[in-house]
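Summarising the annotation, Swiss-Prot assigns region 'Disordered' to 268-288, 394-440. Here Swiss-Prot flags 268-279 as compositional bias 'Basic and acidic residues'. Here Swiss-Prot flags 557-718 as region 'Protease'. Swiss-Prot lists HIS640, ASP657, CYS707 with the feature active site, giving similarity to another entry as the kind of evidence.
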Amino acid sequence: MKKQKKILWKKGIHLAFSEKWNAGFGSFKKFYFPQNLCFLKAKLGRPVAWHRQVKHFQCNKGLHIQKTWIQDVPFCSKTKSGLATQNVSTLYPKVKRKDSKHFISSSRSLLKLQADKLLSSAKSLDHKYCREKSLLKAAPGLSANTVLGRANGHEPTTDPQASDFPMKFSGESQSPGDSGKTVVLNKHRKRVCHGCYQGLEHHRNRRPLIPKQFQLNQHRRVRASLMMYEKLSMIRFRYRIFRSQHFRTKSRVCKLRKAQRSWVQKVTGDHQENLRDNNTEGDNCNPVPSLEPKDPCRCQPYFPDMDSSAVGKGKNCHVPDGHTKENPVLDKEHGLDDTFPDQQNGCVAYNWDQSSSCPKWECTEQIHEIPLMEHPSSDKFSPETERALMALGQESGTSAVSDDREKLPVSGADKSVSSVDGPVSEEPAQNENFQMEEDGSLKQSILSSKLLDHPYCKSPLDAPLLCSEPKVENQMSGGKSSQTASPVDDEQLSTCLSGFLDEVMKKYGSLVPLSEKDVLGRLKDVFNEDFSNRKPFINREITNYRARHQKCNFRIFYNKHMLDMDDLATLDGQNWLNDQVINMYGELIMDAVPDKVHFFNSFFHRQLVTKGYNGVKRWTKKVDLFKKSLLLIPIHLEVHWSLITVTLSSRIISFYDSQGIHFKFCVENIRKYLLTEAREKNRPEFLQGWQTAVTKCIPQQKNDSDCGVFVLQYCKCLALEQPFQFSQEDMPRVRKRIYKELCECRLLD
């Protein structure tokens, strides 16, 4: 391995000192090969792969020798070109004859001879040209005759053109019979450029070894050129940027923009041309004042650089039928004042009419950014507009008009408008509303009715009125708040609330039955003032009080019933009512109308089902049921409450359920009980004629927790003979009322 490396190293040195390479450097004077340079086989045309270290060494050695020993050789020098071709002709047959991938090195004596020849030739070189200039001359495409060459300070010379160079690149078409070609591989930044040299062939006519002009690779858009000196890199970089697609597109767009005129320039230019034509046809001067202001102090109409309806060849110019774009004269029927009304959607119409014998030029200008602050109405001009029109009218009145000019038909409205030596009157602005109807389709395409309703199209004088309304409301609200400022401070209100809540806790054991109406009513009675605007403070005080008094020992005793706080807590929120609450409330109902109603205990039906009549026989020992008019029997089926009523006068057994459920066996059990009770009490009239009914048109619950509350409300309404005027939304209020009634041991109306 070491021996092979040594052989390759020697061959590299020999190749670097060979006269063929020196002739190449001396003749080209622009090429040096910093990376891979190898020969192709004549038949295969493939580059020879060198070892990496050998390539690096060969590159460095070649550069060093070329910089130190070889001096610049002018192009087309007969002695040097002959020497180069002679050396090439002596070396080329060896390469072609060997037909191997290794380079053929010369002997040590040949190497010395070639070195002596190079030294002698170097001494006789002409030092007139420096290396940089000679490189720029020989660079393909960057000769002294080009623009870039002149920019770098080079004068045009009579050197051979790049088109005479016998060099081909991989981009050119090559015949399959070409042989003896050298390929230059440029792998800088992973870009491979193949250049096939035909100058290394056996030159019988001793022509100089000159490369061809380079070409651009159209597919990759990368210029395939030989490596040049570092001083040419900046020129090549600038040239590449100059030829880039983005730069060319940008420059093309700039040229197009410069070539195109704005619509304002076109309009003014077209009018000036038309006026010049009219002047040549007429006798004296232009009847229409020029658009270019002669006096800087004189007001002239302003043409904004935006889409408008000005006459001319603008971008959005509308020309009526029967007139060409070059004709600035518009008749009455197709004039622009007929198409657009005055000041509609921010448009201001300027009318110049000198006399009945002169043509009339009417121009409408659309102003989007300048609102008319002085006159919000649509039939008046602004003062600045009137001054401009007055100046233009006076200027037009002084101009002479010939009699040979064509006269246009003018309507009565236009005749009243036209004046020779005065300003334009305000009448055409008012009459244009009637002339709009002639060309309504064109108007609707530009001026939409929806735009007129837009807030930006309204008069700016209306804005203060809109802005003043919230201020008035704020003042009124501020005055109301100042009037309702309560003289009662928070401390007094808190003290009063605390005393009232103490009374509620003492009477009801909790704040469950307390409602907002009760609190506000009590405060109004104390302070003779409405505290509805201070509800947040009141609610905060109640919450703090409830946190300090969470639970107390509160009990209710009524007859044989006793309720504690756990029983009363079932009435809070959406809790299920228990038997103690149902039974005690039924006792209150029964005591409210003792002669008519009898309320059975909630355990009655369960005892009847489990033990029969004998289990409940003693429950009615002191009561004659058949002397009552209504019997109320609550049915508790584990998780649901229902009600069975018995109307003794009509012998009807009814079933009430807040969910629409009908338990037939419950009704049958009650019917059997009544028959047995009639026999025991010796009441034969009640042994027959019993009927059962299911009541459906009654208030229904919409949750799963208020069935007990509905049953108690059914009982109360039936006992007091009141209609069912309640619903699910009334259940929170009904719960509070039941709580109060239980605590007070009486029914509240």
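Using the three backbone atoms N, Cα and C, a Cβ is placed for every residue, glycine included.
For the pair ASP657 (active site) and CYS707 (active site), the Cα-Cα distance reads 8 Å.
As a whole-number mean, the pLDDT of the region 'Protease' (557-718) in this prediction is 94.
Using a 10 Å Cβ-Cβ cutoff, HIS640 (active site) registers 17 neighbours.
Cα-Cα distance from CYS707 (active site) to HIS640 (active site): 7 Å (rounded to the nearest whole number). ASP657 (active site) carries neither a helix nor a strand DSSP state and counts as coil.
When secondary structure is read from DSSP and collapsed to three states, HIS640 (active site) falls in the coil class.
Of all Cβ atoms in the shown protein chains, 21 besides its own fall within 10 Å of the Cβ of CYS707 (active site).
Its Cβ taken as reference, ASP657 (active site) is surrounded by 24 other Cβ atoms within 10 Å in the chains shown.
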